[in-house]
Amino acid sequence: MLGILARTMPSCLVKPVSVTRIAGRYLAHQEGLPKLPVPPLQQTCERYLAALTPIVDPEELNHTRKLLEEFQKPGGVGERLQKGLEQRGKKMENWLSDWWLQTAYLDYRMPVVVHSSPGVVLPRMEFSDRQGQMRYAAKLIAGVLDFKSMIDNETLPVEYLGGKPLCMNQYYQVLSSCRIPGTKRDTVVNYTLDKRPPTHITVVHNFQFFVLDVYNSDGTPLTVDQIYIQLEKIWNSSLQTNKEPIGILTSNHRNSWGKAYDNLIKDKTNQESVRAIQKSIFTVCLDAPMPHASDDMYRTRAGVQMLHGGGSRWNSGNRWFDKTLQFIIGEDGTCGLIYEHAPAEGPPIVSLIDHVVEYMKKSEMVRTPMVPLRMPQKLHFNITPEIKMDIEEAKQNMNIMVHDFDMKVSVFSHFGKDFPKSQKMSPDAFIQMALQLAYYRIHKRCCPTYESASLRMFRLGRTDTIRSTSIDSDKFVKAMDDPAKHVLVIDLHQINSIFFIPCVDVHLLGLKLQAIEDLAALPEIFMDTSYAVALHFNLSTSQVPAKTNCVMCFGPVVSDGYGVCYNPMDTHINFAVSAFNSCQDTNAARLAQALEDALLDIKTLLEQTPKAKL
């Protein structure tokens with residue numbers, strides 16, 4: 001029926017699936033990177049219209065076409081905004097990055113939990129006792145510090161893709177950084193460049209926070225044995241389970257948390273404790289065991305533990321969700337992390353994980369100095385009746401969120417990236433097409449689909465949108481289950497990509513924000529129904545490949561949508577699918593099953609299609 005899926009992405013949008021790493025100095029490398037270009041206006045308008053075709057009705061599409069014609073007229077508003085963007089591009093290192101940080105993250109007022117911060121589930125550990133948990137945590141901490149030494153010394157290997165170097169800036173943003181809540185807009189602070197950069201991490205156990213210095217006075221990192229001894233001290237100093245979960249405040253709606261934060265830090269002790277958490281290199285959460293789950297449900301339970309902690313009764317208060325990096329180590333062997341999304345995308349986080357996992361396999365060779373270490377400092381909080389009320393409100397809201405969150409983490413074991421590669425296809429394109437088919441089979445329509453694509457080949461590049469729903473993907477999913485259309489053949493060699501519409505979203509966002517900055521009237525194309533439909537991503541997806549057998553997970557971006565993240569390994573694929581229980585039309589397990597069926601059906605189709613037709 002179809003010869004499909006060999007995606008040849010433009011170089012500006014390929015994700016770093018397989019990168020070459022070459023050691024190099026950070027600043028010299030960064031200055032050699034090209035700036036993010038502003039695409040031609042006509043090209044973006046044409047591609048935008050093509051992206052709309054399968055997701056809006058013909059009448060609406062026709063209306064949008066007329067608006068775009070008006071927008072592009074010589075000497076018109078589109079030309080003026082385009083020139084403004086081009087001027088901005090000349091003046092700034094990256095015309096998009098500041099705007100992106102603000103609009104995508106810091107202006108966003110929903111809780112970071114579920115709605116923004118991704119989690120990562122690591123392979124399950126078997127701890128025979130508490131010492132096993134502490135030993136694992138100590139090795140993990142040492143592994144992160146080893147990675148940090150490459151950042152500090154600027155010896156972090158530069159990543160290359162297709163011979164082109166990638167921007168490494170995000171690696172320098174994830175340690176010693178934290179989000180700070182505001183009542184209208186948040187900020188991000190990074191303490192790496194302070195005159196005295198932080199030398200401590202924070203450890204939280206039973207809702208109690210501790211400062212753990214991880215460097216000796218001579219600047220050398222503590223050994224695994226030393227860290228283990230310090231973690232034991234922390235554990236034994238925090239056995240009480242009746243403490244107020246101060247960290248749960250960070251899970252609330254950003255405006256509510258911003259207001260509570262201002263109130264919290266009026267007290268000097270509280271302010272000092274909060275600053276210690278914010279300044280720490282990263283946080284380690286020593287979690288209590290979660291309710292037992294069957295082997296089939298274990299990965300799903302681990303996924304929700306990483307994303308939200310399970311609710312106020314469990315580990316949701318054992319976090320500081322504003323902290324960029326929080327490693328989670330459960331007493332029951334459930335391990336992973338959650339990260340606050342504003343400073344970085346998934347690939348740098350996964351590179352760090354891969355490094356740490358490899359580091360932890362090594363046997364510890366360093367002899368531990370017999371130097372007494374001072375007791376880790378416990379952070380104290382003075383809880384006023386008003387703060388107690390804020391904590392209760394955050395608990396209630398968290399429990400509502402937990403109850404509403406629907407997730408399925410699964411392993412597709414029939415094949416991995418090996419099969420698509422054997423068909424000379426991009427594994428990512430193959431999986432995206434299966435997602436299109438799975439969604440169509442359930443909902444009987446195509447939907448706006450977001451797949452994150454890296455812009456790291458440009459200086460300070462973040463992401464743009466691959467729109468996986470296209471005119472051709474629409475034809476494909478409708479033909480797949482229609483016997484009357486089963487003879488349809490699309491020649492691979494005539495089609496650049498069956499479903500790929502590149503690089504329109506950030507350009508459109510830039511034009512919109514340029515209009516706002518110019519204090520001009522917002523052009524009609526941004527008040528058009530089609531624009532709202534295009535940005536309502538029922539499928540929010542991301543491929544986050546890793547060497548480690550892990551999977552990243554995140555929540556949907558709309559109330560009637562799904563979040564889908566996947567890690568294609570050689571012979572299997574790890575999937576995390578999420579939805580909201582409050583939407584009757586969506587169900588994470590149902591989409592996960594439909595996705596498995598779609599992957600197998602496309603494989604069968606390809607095996608039955610004569611090679612000549614491909």
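If you go along the chain as it appears here, the first residue is 1 and each next one adds 1.
Backbone N, Cα and C define each Cβ position, glycine as well.
Curation plays no part in TrEMBL annotations; they are all automatic predictions.
Going by TrEMBL, these are the annotated features:
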{"type": "ACT_SITE", "residues": "HIS341", "note": "active site, proton acceptor"}
{"type": "DOMAIN", "residues": "36-485", "note": "domain 'Choline/carnitine acyltransferase'"}
{"type": "DOMAIN", "residues": "504-596", "note": "domain 'Choline/carnitine acyltransferase'"}
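On the 0 to 100 pLDDT scale, the model's mean across the domain 'Choline/carnitine acyltransferase' (36-485) is 91. Under a cutoff of 8 A between CB atoms, and with a sequence separation of 6+ in the same chain, the neighbours of HIS341 (active site, proton acceptor) are TYR105, VAL112, SER116, SER117, PRO118. Counting residues of the domain 'Choline/carnitine acyltransferase' (504-596) by DSSP class, helix then strand then coil, yields 31 helix, 23 strand, 39 coil.
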